Amino acid sequence: MSQSVESRTRIKSERYESGVIPYAKMGYWDADYVIKETDILALFRITPQPGVDPIEASAAIAGESSTATWTVVWTDLLTACDLYRAKAYRVDPVPNVADQYFAYIAYDIDLFEEGSIANLTASIIGNVFGFKAVKALRLEDMRMPVAYLKTFQGPATGLIVERERMDKFGRPFLGATVKPKLGLSGKNYGRVVYEGLKGGLDFLKDDENINSQPFMRWRERFLYSMEGVNKASASAGEIKGHYLNVTAATMEDMYERAEFSKEVGSIICMIDLVIGYTAIQSMAIWARKHDMILHLHRAGNSTYSRQKNHGMNFRVICKWMRMAGVDHIHAGTVVGKLEGDPLMIKGFYNTLLESETDINLPQGLFFAQNWASLRKVVPVASGGIHAGQMHQLLDYLGDDVVLQFGGGTIGHPDGIQAGATANRVALESMVMARNEGRNYVAEGPQILRDAAKTCGPLQTALDLWKDISFNYTSTDTADFVETPTANI
């Protein structure tokens, strides 16, 4: 028996009247929404178009990143639409900025495929960033529920196992990127690796854009690099490594290169962020299976993470990459040549290293996060750093980091090995001073000068680079406090 007209009318309600109605009226705004433990939460910075109410703009973002389209569709009635609609539940004005708002949005966990960064991002950063109702949109932070995190592998190796494997404790790891990054022959490339490791570094590294070019094919680079690693390890009596970049055009090529890196004895391989989320997860699974450390270079991230009003904050990338399963990720230096506000970088490092984080608005952490026992990712600091900044680096970044001195090693006038030695002595003298209870931050320059009295390479480095720094105001700074961005 067919439904009566009266019954159909009751079911339709105002929400399902045909045509275009506001997103907030369609159910994508709910100021009284009670957050579930299993909800995925997102915090967007929105800049509505003139005349667009911020609540309606927030509801539109919630709708377009979950189930909505531009008009009412009756097929919503065939779904558990009240459950599957994302709900914007809170809108706050951004402090000290006109016409920008923080929009809090909750998503039911069943909107997302288990263990898939690609599926998560297809919704959260999909079509919404081109939506006309907002002039600009930025994803600032997310909270992943424990139930969702448990569907991800997490870091292939993790900080604790990496320290055990490297037999390095109580200090940062030391590394360097081979320079020039492009153009060297395989034999010369391998010699750079050897000299850096022989001088005292723990790691040498391929750069993001060295893959398999005419001047040096990948297999040649791998063989010569590992020859340098093995000779330096035997000479120093220490475990050392070189990040072999396996980034390639296809997954088949990447697996081939990764397999070869394992065959020739490497303990670590490397990929670039630009290969995409599915490829990153695939390589992390491979690395876990083959007992390899997996380094991720964040190549390309600043195209969408640097501008404050549009794109995506790097802390979100940190969260996704911890879920995806990388062991290292470049996360800023504070004092180097690349973008890096001190508080923002502290938030990045805490996201990668802590088992649980609380809300910390000065660091940009809008949600408390329990990491469900996923392993820790080692942050990497690289780009424009040198031995004379060692006290600042140790103060800002702590022990659980890889300090990579590329130009600060290879640019040493007495040679690569001397540059590496300068960095190793600078680090060990600073760690010793700290462990003795000295105020190593205030006394840092004097500690370095004292160490240089018995280390010629360090004295040369201090004379050459002195207090060189890159004092530019960061574009991505805290919204809730003023922070220094100069290298002081």
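Cβ atoms here come from the backbone N, Cα and C positions, even for glycine.
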Residue from Arg217, Arg298, Arg306 that Swiss-Prot also lists as binding substrate with Asn127, Thr177, Lys181, His330, Ser382: Arg298
Under 8 Å by Cβ from Lys179 (active site, proton acceptor), counting only residues of that chain that are 6 or more apart: Val192, Asp207, Gly406, Gly407, Ile410, Gly411
Three-state secondary structure, which DSSP defines for Asn127 (substrate binding site): helix
Of the recorded positions listed as Lys205, Glu208, His297, the one whose CA lies nearest the CA of Thr177 (substrate binding site): Lys205
Cβ within 8 Å of the mean position of the Cβ atoms of Lys205, Asp207, Glu208: remaining residues of the chain near Mg(2+): Thr177, Val178, Lys181, Asp206, Asn209, Ile210, Tyr243, Asn245, Met270, His297
Residues Asn127, Thr177, Lys181, Arg298, His330, Ser382 [recorded substrate binders]: greatest CA to CA distance in Å: 37
Asn127 (substrate binding site), number of other Cβ atoms within 10 Å: 11
Count of other CB atoms lying within 10 Å of the CB belonging to Thr177 (substrate binding site): 24
Of Asn127, Lys181, His297, His330, Ser382, i.e. the recorded positions, those within 10 Å of Glu208 (Mg(2+) binding site) when Cα atoms are compared: Lys181, His297
